[in-house]
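See structure below.
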Amino acid sequence: MNADLVQLHEKARAALDPVHYDYYAGGVGDEVVLGENEAAFRRLALLPRVLRGRSTRAIGVDLPGGRLDLPVLIAPTAFHRLAHPDGELATARAAAAARTVLVSGVASTVAIADVVRAARAVDADAAVWFQLYPHPDEDVTECLVRRAERAGCTALVVTADSPVFGRHRRDAEHGFHDLPPGLAAENMRDLPGSPPGHVRDIEMSPLASWAHLDRLRELTSLPLWLKGVLHPRDAVLAVEHGVAGIVVSNHGGRQCDVAPAAVEALPAVVDAVAGRVPVVLDGGVRGGGDIALALALGAAAVGIGRPVLWGLAADGETGVARVLDILRDEFDHVLALCGGRHLADLTRDLVVTRGTGVLARCG
Ligand SMILES: Cc1cc2nc3c(=O)[nH]c(=O)nc-3n(C[C@H](O)[C@H](O)[C@H](O)COP(=O)(O)O)c2cc1C
Ligand SMILES: CC(C)CC(=O)C(=O)O
């Protein structure tokens, strides 16, 4: 892991209530996948190309829903005001200043309209995407979609890996079930079927299906991303159901503990999708080398979850900005060392498995 990010992580750990630190840091079950997400990157290496004589590099990428100045977006994570009083407002400002996308979650402690307003105050063109779970009550889902549209979000991200909540041992041991007084999942306030001012629970829908995704597609003209895909056949189905992009993710090791590391699932999904839509990878990305590996394996960009929470807890907006700066700088440096000028120079033939010298298998 990048040493500057390690320092920010340590500062965040010291600043956070240990219960909230464990909520952010923890994973499902025995936390096997949590560890594997990072460990799998350490098992991979990149073969640099030499004598390519390039002095500048282009690292921006256009995705359905917005342009990223660096191939890193902020994955949706819940409850930023547990980390810092400014919460998602700080995250949104830092993302906008770095000219990248914040995927703002339904489980946000600031309402989506205020999140987008904060981003646009920094950059009038800032792209904020809205993430939601298919709610069992489709009127609630529709209301959330309309709120995101009215707020000015430029894409919707539907998280599909959570038909039920993952069981997090650390939270159970702490008895952490509710937000502290004064904090709420603000997007869940004033929804259909609830009295004025009431904040509904975030619910998972064990019945969520491809038909729900189709209805969402009919509901909105926003580009629709599907997050939490690991099986290549689901990736094909997602394309057939009209998604604009796919996020290969195991939810940062917080849902299914027998799932593979996200980066290990990536090549097969990329092959199945065959360039029809972009594929983003999240889970365990902790430095410029990890970004380069994911892109070489076919990701258009990566998402980061916990590093942003550590930056936020350590230093608010400045801390999140620092995380993005560190990753931008280190990725650009790795690209230079690999003889790359464009993201397209990162190709799968550069990736080998450490200790074997064997080309990484394509799934
Ligand atoms: C504390 C926390 C809360 C999260 N909340 C959500 C969420 O509300 N919706 C969602 O789709 N993913 C959520 N995720 C998963 C992230 O979007 C992302 O998949 C994951 O954090 C990436 O792994 P990383 O933390 O190793 O970068 C959450 C992750 C964490 C750590
Ligand atoms: C509120 C939760 C559903 C947020 C989440 O997805 C998580 O904690 O992993």
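In case you wondered, yes, glycine gets a Cβ from its N, Cα and C as well.
All annotation found in TrEMBL is predicted automatically rather than curated by experts.
According to TrEMBL:
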- 1-356: domain 'FMN hydroxy acid dehydrogenase' (DOMAIN)
- Tyr23, Tyr133, His251, Arg254: glyoxylate binding site (BINDING)
- Pro76, Thr77, Ala78, Gln131, Thr159, Lys227, Ser249, Asp282, Gly283, Gly284, Val285, Arg286, Gly305, Arg306: FMN binding site (BINDING)
- His251: active site, proton acceptor (ACT_SITE)
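Positions of TrEMBL features highlighted on the structure.
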{"residue": "Tyr23", "record": "glyoxylate binding site", "DSSP (3 states)": "helix"}
{"residue": "Pro76", "record": "FMN binding site", "DSSP (3 states)": "coil"}
{"residue": "Tyr133", "record": "glyoxylate binding site", "DSSP (3 states)": "coil"}
{"residue": "Thr159", "record": "FMN binding site", "DSSP (3 states)": "strand"}
{"residue": "Ser249", "record": "FMN binding site", "DSSP (3 states)": "coil"}
{"residue": "Arg254", "record": "glyoxylate binding site", "DSSP (3 states)": "coil"}
{"residue": "Gly283", "record": "FMN binding site", "DSSP (3 states)": "coil"}
{"residue": "Gly305", "record": "FMN binding site", "DSSP (3 states)": "coil"}
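If you take the C-beta of Tyr133 (glyoxylate binding site) and look for same-chain residues 6 or more apart in sequence within under 8 angstroms, you find Val106, Val158, Thr159, Ser162, Ile202, Glu203, Met204, Ser205, Ala208. For ligand 1, the neighbouring binding-site residues among Pro76, Tyr133, Gly305 are Pro76, Gly305, by Cβ distance under 6 Å. Proximity of the binding-site residues (Tyr23, Ala78, Tyr133, Ser249, Arg254, Gly283) to ligand 2: a Cβ under 6 Å from the molecule is found for Ala78, Arg254. Of all residue pairs in Pro76, Thr77, Ala78, Gln131, Thr159, Lys227, Ser249, Asp282, Gly283, Gly284, Val285, Arg286, Gly305, Arg306, the annotated binders of FMN, the farthest apart have Cα atoms separated by 22 Å. For Val285 (FMN binding site), the number of other Cβ atoms no farther than 10 Å from its own Cβ, over all displayed protein chains, is 28. Same-chain residues at least 6 positions away in sequence with a Cβ under 8 Å from that of His251 (glyoxylate binding site) are, in sequence order, Thr159, Asp161, Ser162, Gly166, Gly228, Gly283. Computed over the domain 'FMN hydroxy acid dehydrogenase' (1-356), the whole-number mean pLDDT of the model equals 97.
Spatially, by CA atoms, the binding-site residues Pro76, Ser249, Val285 include one closest to Tyr23 (glyoxylate binding site), and that is Pro76.
Counting neighbouring Cβ atoms within 10 Å of each of the binding-site residues (Thr159, Ser249), the lowest count belongs to Thr159.
Annotated pair Ala78 (FMN binding site) and Arg254 (glyoxylate binding site), C-alpha to C-alpha distance, rounded: 12 Å. Between the CA atoms of Val285 (FMN binding site) and Arg254 (glyoxylate binding site) there is a gap of 15 Å, rounded to the nearest whole number. Rounded to a whole value, the Cα-Cα separation of Gly305 (FMN binding site) and Arg254 (glyoxylate binding site) is 12 Å.
When other Cβ atoms within 10 Å of the Cβ of Arg254 (glyoxylate binding site) are tallied across all protein chains shown, the result is 24.
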